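What follows is one structure encoded as structure tokens, with my remarks underneath.
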Amino acid sequence: MCNIIYNNVYQYNILKNIMSFVKEKNTPVMEQYLNLKAQYKDHLLFYRLGDFYELFFDDAIKAAKLLNIVLTKRGNSCGQEIPMCGVPAHSSESYLHKLIDLGFKVAICDQLETADEAKKRGYKSIVKRDVVRVVTPGTIIEDSLLEDKSNNYLASIVEQNDEYAISWLELSTGKFFHTLTSLKALDSDLLRISPRELLISEKFTEDEKIRSILKNYKISITQHAQSFFEYSKSHRTLCEFYKIRELGSIGNFSKVEIMACGALLEYVRVTQRGSIPRLEFPKTYKQQNFMLIDTSARRNLELFSTQFGEKKGSLISVIDHTVTASGGRLLKQMLASPLACSKAINLRLSTAQFFVNNHDSRRKIREILSNIPDIERSLSRLILGRGSPKDMNLLKIGLGKTLELSEFLCKIESGENGSLPQQYVIQTEIQPASRAGITVKSDESELSTIHKSLGNHKDLFELLNSAILDNNLSSVKEGGFIHSKYNSELSELSYILNNSNKLVTKLRESYRDLTGIAALKILHNNILGYYVEVSANHKITSDIFIHRQSLANSMRYTTNELKELENKILTARDAAIGLEMKIFSELCSEVAKESEKIALAANALAKLDIRTAFAELAVQNNYVKPIIDDSKEFNICSGRHPVVEVNDKFIANSINLAGIHLITGPNMAGKSTFLRQNALIAILAHMGSFVPAESAHIGVIDKIFSRVGATDNITAGYSTFMVEMIETATIVNQATDRSLVILDEIGRGTGVYDGLSIAQAVIEHIHNVNKCRAIFATHYHELTKVSKYLKNVKCFCVKIREWNGEVIFLHEVIEGIADESYGIHVAKLAGFPDSVLNRASEVFEELKA
């Protein structure tokens, strides 16, 4: 169980008397530091000094230990030496990464001028510095601090009058969502969204139930006063950010949703120090459009990680065949929120079917996609003012590949590369296209919709291609990333920089011709700069030569032309870098004009990546297209567990589930695997993926519930049995007639009669009240009697064979009731000594008698 990391728990003792420190005799630099630190008490302050970011006082003590760097001292304050440590500015991101992962917030203080510029303001003036940004777990945008295929959400939860809202955004991609929720659903929402940082009011955590929920997650918690979430303030923040008068023009918001969204935007404004990010209009997440997977099911089904916290062995590790970062992120969103609309699901399936049938098209598209960088995140950095030449170059490459992809899709639509998939379209799937000024007809295939959403970025690509050199430069201050031919002034400066020696030599030759002195030289030193030198025996009479210095054996001169050339050479680099920075800023403005269409194209690329990835998965793993409709069917022929079958020989099993299937059989026979595989097949189908089976017909499922395995929840103070009862209570209280429930044992943590009574009552309730599809595995053979009076309960068992005193598990699910649980045999497999096994057999026979 992971603990919450509260950012405000770090106390800065040195700042308790901050103002008295400032009044003490400190150096101007230390006074500047202390004044800035007083504004960011709950942050580690990275204070720029030359080529290093320095940390002082308690910050230094903490950082040195956490980052494993040397703790030293610098000067004195209040008669005590000041602890100090530092990290090189050029490699600071790796240190930031570690601190952010530990839940710290870091305030970045940069130099706003050079030392020479500071001296112009006065001899004793120090370099101006200020905090330029605040880096927190939920607001990072740097590639080196992010995982390519994982979202990095900042979320906010607000409660007012027992109404709850949660809003979440990702600064690195511009995604922004909000939804109404409830205290009961909050746990599931947090697990689905998986935010890195959560913004809440100080009052919010006074509720014991809230604290109990939050303890289950490794989330950086940022607390603010209730006024930070105030309605009128949040409403104003939203309107000002999107430059609108009424919020109704961008969506429907409840009062509490406005408070959650507005607080997020205000927090972004504070942390970004005035830089305006690119954020989409907040989209309403409507739970009724998606399958709800309860908290227990998300964990037990190992969708994203195993019970040991590893990605390998999870469902995502098997099904992720995406080749783009944005496709990988969208796949995780789809797995977290499968669809609950048959038409929308079939829209996805039809496109995947097309790529299953058309190998060459699938291969070509995946080849192009694999060479497309993460333009979504590069775009966000460029708009926020933190983009690098590398980001601009990646955007250029991405737009070029998008044009190539668009041309290939034109061939598909013209029939050159196969027939278009069945024409489905769902209006909610294409709303973003409408906002970007793209008209999408209601009778178009999804592939056509994706094609149109890619847009035409030829003009912008050609502009960037003519301006940007291929590079991996992380800072515009380095220069050397703009084509010299793009700008005539830059071309001249580049010529000077690249040919300075040639220009000096050319001028020297012209002076030799003018004076007739073959031994004339042009030399350079730090005192005179460039100068003309001749021996003392030669006399120069031309008026263009200005005497500079007389030596015993030589005479030195300069000329206006030489001074001008020297000035050009000395200033060319600074001028070139300054000009490149100006051009870069202009290019960023051009990118900003197209940002909405670029973001739409990035989303279309992600969708296309997933559809082709699903096709690749289906072909490689022998998956079949499921039939999805609005019936209540659950008929799977020869279904397989998508994860287990990858590494082991797998026995397929069928199921035709119309009510409740009660499954008996020994441990290790495969009951739990059978339960999980059917839930996973249902989830895959609702994502729009093919499934591991010979055939599958599934009526839309609104919710999936799981009670499979149980452990103590020590942090909440719950025993194994209590956890089991809470999970079961969730099922009987929330399951509908369109839900799928899988239960693996109920009542094991109490007395036999108690457990049996509870299990039977649950089955009867699910049958008579919930009326949902359910698979119930049990060791209580007495439960099978319910099939005699509950018409929709059928009994199944796992087939076993006894041979020469041994029990062989065949892993086949057949109709019927298991004779025994074979627990003693499993104990033998586990390595019990013979004496214990023999005694267990004796006791077993006595109990049977």
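Residue numbering: from 1, along the chain as shown.
Note that Cβ sites are derived from N, Cα and C of the backbone, with glycine treated the same way.
Marked as ATP binding site by Swiss-Prot: Gly665, Pro666, Asn667, Met668, Ala669, Gly670, Lys671, Ser672.
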- Site with most surrounding Cβ atoms, counting all protein chains shown within 10 Å, from the binding-site residues Gly665, Pro666: Gly665
- Task: Inside 10 Å of the Cβ of Asn667 (ATP binding site), count up the other Cβ atoms and send me the figure.
- Result: 18
- Tell me the Cβ neighbour count for Ala669 (ATP binding site), meaning other Cβ atoms within 10 Å of its Cβ, over all protein chains shown. 26
- Item | Ser672 (ATP binding site): tally of other CB atoms within 10 A of its CB | 18
- Message: According to DSSP, collapsed to three classes, what secondary structure does Gly665 (ATP binding site) have?
- Response: coil
